[in-house]
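Participant: Sharing a structure below in structure tokens format, with a few things to ask.
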């Protein structure tokens, strides 16, 4: 929402100097309760000004309780004076509480001092000033000084209220004046404390900050600002406002006024005496808000009310786009300045407006409905044709041409050589003209509501287009008929193709003339630079020429890619279309032509019903339509299948060229780890790239010749040193997240420095088992020459490195451990002997290899002792000495051949054994670096098995392999942190979970399962690692344990807590990056975590890094209702508030934006005022940074989420903006790549274009919860990887599909923002920002070397709600102007890409379902009419499989195989195709096809209903852990209309077709019917199949009881749909209330399809006796009417006589029963009724009754007037009972068998079982009693 800053706080607090935005205190204060703890109390918004007083009381309470009491008393007095009657919301309760507290505190504090209150307060004020203000100015941080200044201000205010002015000491006055002068300097700030003095943070020393401040503060040359100018002209002392910077100057003077006022101000104010120019302060800082923003907001607010909460038609009200585009024309200048409130723009159609007639006469007239601007969002399917007319024209013309060619019996080539055939093919241009006329007509018809708002040139364009199209519709058919009558001329045309133009027919000339614009367009298509220049040109001549081709709009001009991109996606679509058309021709069309000819020539006279239109007279046209209709639908749908195939292939190729999946396993990582540090340096270290090593090798080539080979090794060591910083932080972050254990961490860490050893030190997981293997090789080595032994060791570089490192590290440890010089001499001699023998190649001769195993055992024990805790080393010293003596003894006696000579050589043999190696320094290993060496050496010696499975956690493996693989991908080189683009992250939040409480975690559901118990079973290894971490941290306090437990659980849910932690990794990564860039080699080699902050230089470096990180990164969470949660008394809201506050206190860089609703008194009335507020964490509370006054509530005029983002985007900073959802996560190692990905904004893509949106891939972290979550995870992963990859390259139609994309912030802020927010139409707000960016010539890319975590829905109902929301959103997109403009302005092939990847996908899904209906209804028509039997029994008719072959492609979509293809390709690319094949098989075994088939129905239903009737709304899905059982009634309510009704309809169609059909049964045909049976069963039973405990007998019984109760409950006002069937039924049909006449009429027409059952089946009854007269059908209706009348009589009788006249009612029922028996007896005995007729009658009449109900719902108003609505409702209830019973019976039957429930559990949670989870225990409600699993 556009807004401006206000000048005053909620109560008009005076504006301090240099305020960029108005600031006031936060509205919540923490007051001590009676027990002395902290009690959160709410200060009403109308009393906001007392908050600083209460805050001050809290701060000083410990130091001086009496003064704190006086502050609270003053706050109470002030509150009472402001609202004496306590009329404000919450004021009375607050004042009562505060008074009660003051009464208690007054007695306690009064005895604490002997001074008077005034004296005590004045003395404390002076003390506070001297200690906190004066002395703290040069020692305290700006934020601390800001708090102290605020407290001092409050104290002086209380003092003035208590003490007369003359009684205040001069010293106190002087102090207060100093405090007042400092208030502007010490105010809360966002990042930069601009005017704070004293200790400034390092960020203020940055040269760019200082340069910016100097530029802003240069105001001396500006005219002064006169504070007060009197209108009477009298002279008074001149007062000038203090100006701190240019922003103050502008704010004071201009007040955001328009240019004309600025001119008047600058040239009209001259001092009458001196003649100097002065400037008068603006009337109000809110002038722009009041005069510009608020009037426009009011217009939009009134229009939004017409929206009727999304129920009104879009054409009845103006949305954001309409008002925005109004200002695209010069009409906006007619509003004048100041804007004329009486202008037509501001009038509203619902208001009564005044029309002036002369000076004295006035009359009230109703305002006219305001027209839309440029476009009208009419709710109709015709938008699909209007927006994508070129595609539909192409497919229709291609279909016509293929049918003509197939009909001619000539091939596609021969047809061009045949005169008649080619002449028939040329008729497609007539169809083209008709379709073009249809498009032009739709343009006019669908824009009628906007015509009054269009310019004359626009109207002229529409009119001329219509006239021209109409002329061609006449000219082309006439010329074609003339050509047909002149065959010799045509023959000459074909035989002399290259002849002169004079020999061509008139029709040919007309076609060429008609196609001339298309020919020009084709030529320009291959010249994109020229076309782009023409479309963007503003030259009058070019504009006139382009006027016909494109509307004169500011957007959608020149959206053309460069030649290379154009060729790529053109080639893609040419290949695809050729494949599709060839398949359609040879498989769908050509095989069906011959049977069609035979059918049209057949004579059919043996109909099984009364035939209104005998087929002999119409060439059996209805049969042809029944056969061809599904084929035509498949023809228009199967392009989606071909797109999936080609997108999968091309996406895999592009991914392979992007190096995706090159490192996908730990084995691959081990094999390439040597190259990882070098790749890391090339990506992340500025000035070092992949060429650096080669350049340095060349540079030092001469040095190598001069025996300086260490240069290359130095390069490698520096690479590893830099790499180890990030790698180790990455590994440590996973340990802190409890993904890996301590052992895994130690095996994965890389030593910071390799300078202590002569070889490069690799992480232990690469060197694991190398030492034991080397020992075995040495032990078994029998040769005298050691060259072969050393050769074997050197062949394995890791083994060689491990051996050398172990030797040198052990030597260093032992040598430094010894304190006695003689002991050091012995050790030195031994090592010298070893090194000399190696040099002389006599190692195996000088040493006995057989003694190495025993030496290894002692070394292991020795290192184990050294690894003990530091506090235990002293007690273990004797053991260490003993083991060390044993080691030396083994070496001298068992390993060395001449070990005894060592003692003789050193003349130490006289010493006793026990006196050697006793004096050791055990504290030597306390040093952290030494301890790491010991642990590493211990791992190298003790890990005997391969570490190929390290780490064991699957998510940790994925992160490690992806990070390593990304280093080899096409990633831009990272700049220095100082040079990188600054960026912000924005997260919208509403009321989702922030952090789980301990009570929530342990709250059990109906099965006895708590969230914590579930998480412990889902993540058993992480739970174990968590407990080990608590032990390492020595957490003993119970409350601390609970706090850590809630953190651990919250980090595994879809919580804001998890998201904030992930995003704050950006700051940590930037700090480390800055450290790597500016720290010296010594600091680098010593490690980031070992930095000693006590060292002044290192501390300054660390503070500098933090400041630079704050300068480059900002995180804003837009908590829309944070202000309401502050004031709420709801425990859940308060918990959310406290948790968000806790996040701000934990992360100082976090900012929270919210909309604050404040009550302000104006003219004696209370009114709501809205502010957009930014707060940050302070010492204990949130501190308000900015407060921007809004014209009204943003959520009243737009959708919630986009408005939540729009109001907060002003608080973001930097050049880039990343949007992150509340259910996302980030990883430390991925945060390190942010510099790289931001460099994409500086790179040229697609020619000279730079990106405006950077698309990033996501990792779905919820896939391990259940099979459904796995399906959803795979589907979503394929979309965010291979799907968006192919959209970006080569198709160039990637948009913004949701977070975590990165926006060019400046580009989008100046072009409408990142979120369109119009109600309903912008329901899917994310993609509209992509539309907007593309229309404004933006460029969107996709990058997969970085990923962000994402949570998805994990339960069946959650997933269905999500799919429904997306389908609704796509339905609204279809109606939008953005889709229309993109569809019309894209070139043909890019338009195809756009269609099939957005709304076309959902329309194709709907066509897939529609094909099933059309096919089955066509077959039922042929079966019931007897036509099918006649055709199949005809001797001239051969059985044809053409129809089945065509429909088989539809079955592929229906079974969900369309979605599986990209999944398999992406899994194969990133995990290997063997894994992909295995996952595919497992998915099918887990009934993935059932899931995808069910979701197909969801997409089709909600997309179709949105286009037909509307009703789109945001559907909260919930993001919790779904382990509960959904009741039958819940599933019935959710899926009744979308799946159950349709599934039963298809089931009845199949039954009728199977019962009455007599067709052949080929294998392909059986596959098609099987797919339809599968579709129906999936739609009916999938919700119960994927429902936990769905087949548990007890739950089934409970569900049935609950469903019966729900069905029987009556509705009414206030009764929710969950409580009553009637309320649900009214809510379910609510969309028909607000649907337009077209929607209702189409609903009635569609309902008439159910009448075919009755019409067809009654003629097949035995009682009909083969009669074919119309009387049979009439009698069936008579029977139906009689039955309905009888039912109505019973209903009325029950209602009128059931209570007071029971006997009469029983007699009536008896008479009806006797009558029924009599009638049935007569029918059976006399009329020949049979039992089969009864079942057939049910199939006949039940659909008819349902049709009557559907028609009645559409005609609700009429039936209510006729008082028949209650009867319709009761009939509907009966149908619902029957439908529910039919669905419930199979479930109850299966629930009887216990093994079915066990099978279902295995099916749902197979992934969990494979990872050792105990889901069966979870669903059974059992609790693990193992003490280690309990949270104490």
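FYI, residue positions are counted from 1 along the chain as it appears here.
Backbone N, Cα and C atoms are what each Cβ position is placed from, and that goes for glycine too.
Curation plays no part in TrEMBL annotations; they are all automatic predictions.
Here's the feature list from TrEMBL:
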| type | residues | note |
| --- | --- | --- |
| DOMAIN | 244-340 | domain '1,3-beta-glucan synthase component FKS1-like' |
| REGION | 1-23 | region 'Disordered' |
| TRANSMEM | 391-410 | transmembrane segment |
| TRANSMEM | 430-450 | transmembrane segment |
| TRANSMEM | 462-480 | transmembrane segment |
| TRANSMEM | 567-587 | transmembrane segment |
| TRANSMEM | 620-637 | transmembrane segment |
| TRANSMEM | 643-663 | transmembrane segment |
| TRANSMEM | 1394-1416 | transmembrane segment |
| TRANSMEM | 1563-1586 | transmembrane segment |
| TRANSMEM | 1670-1690 | transmembrane segment |
| TRANSMEM | 1711-1731 | transmembrane segment |
| TRANSMEM | 1737-1755 | transmembrane segment |
| TRANSMEM | 1775-1795 | transmembrane segment |
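Distances, neighbours, how buried they are, the whole picture for these features please.
Facilitator: Same-chain residues lying 6 or more positions outside the transmembrane segment (391-410) and placing a CB less than 8 Å from one of its CB atoms are 384-385, 418, 420-421, 424-425, 427-428, 431-432, 435-436, 439, 581, 584-585, 589-590, 593, 597, 632, 635-636, 639, 1388, 1391-1392, 1395.
Same-chain neighbours of the transmembrane segment (462-480): 426-427, 429-430, 433-434, 436-437, 439-441, 443-444, 447, 451, 505-507, 510-511, 514, 548, counting only residues six or more beyond its ends whose CB sits under 8 Å from a CB of the stretch.
Same-chain residues lying 6+ beyond the ends of the transmembrane segment (567-587) with a Cβ under 8 Å from its Cβ atoms: 398-399, 402, 405-406, 412, 561, 635, 638-639, 642-643, 646, 650, 1289-1292, 1389-1390, 1392-1393, 1445-1446, 1449.
Away from its own ends, the transmembrane segment (643-663) comes close to residues 572, 575-576, 579, 669, 672, 961, 964-965, 968-970, 1281-1283, 1285-1286, 1289-1290, 1344, 1396-1397, 1458-1459, 1461-1462, 1464-1466, 1468-1472 of its chain (Cβ-Cβ under 8 Å, at least six residues beyond either end).
With a cut-off of 8 Å between Cβ atoms, the residues of this chain six or more beyond the transmembrane segment (1394-1416) that come close are 384, 388, 391, 629-630, 633-634, 636-637, 639-640, 643, 1283, 1287, 1291, 1293, 1295, 1327, 1367, 1370-1371, 1373-1374, 1379, 1382-1383, 1386, 1447, 1450, 1453-1454, 1496-1497, 1499-1500, 1503-1504, 1542, 1545-1546, 1549-1550, 1553, 1572, 1575.
Remote same-chain residues near the transmembrane segment (1711-1731) are listed as 1661-1663, 1665, 1686, 1689-1690 (criterion: CB distance under 8 Å, separation of at least six residues from the stretch ends).
Residues of the same chain lying 6 or more positions beyond the ends of the transmembrane segment (1775-1795) and with a Cβ under 8 Å from any Cβ of it are 1528, 1532, 1536, 1540-1541, 1544, 1580-1581, 1584, 1590-1593, 1596, 1600, 1603, 1607, 1621, 1625, 1742, 1745-1746, 1749.
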Participant: Within the domain '1,3-beta-glucan synthase component FKS1-like' (244-340), what mean pLDDT does the predicted structure show?
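Facilitator: A mean pLDDT of 73 is what the predicted model shows over the domain '1,3-beta-glucan synthase component FKS1-like' (244-340).
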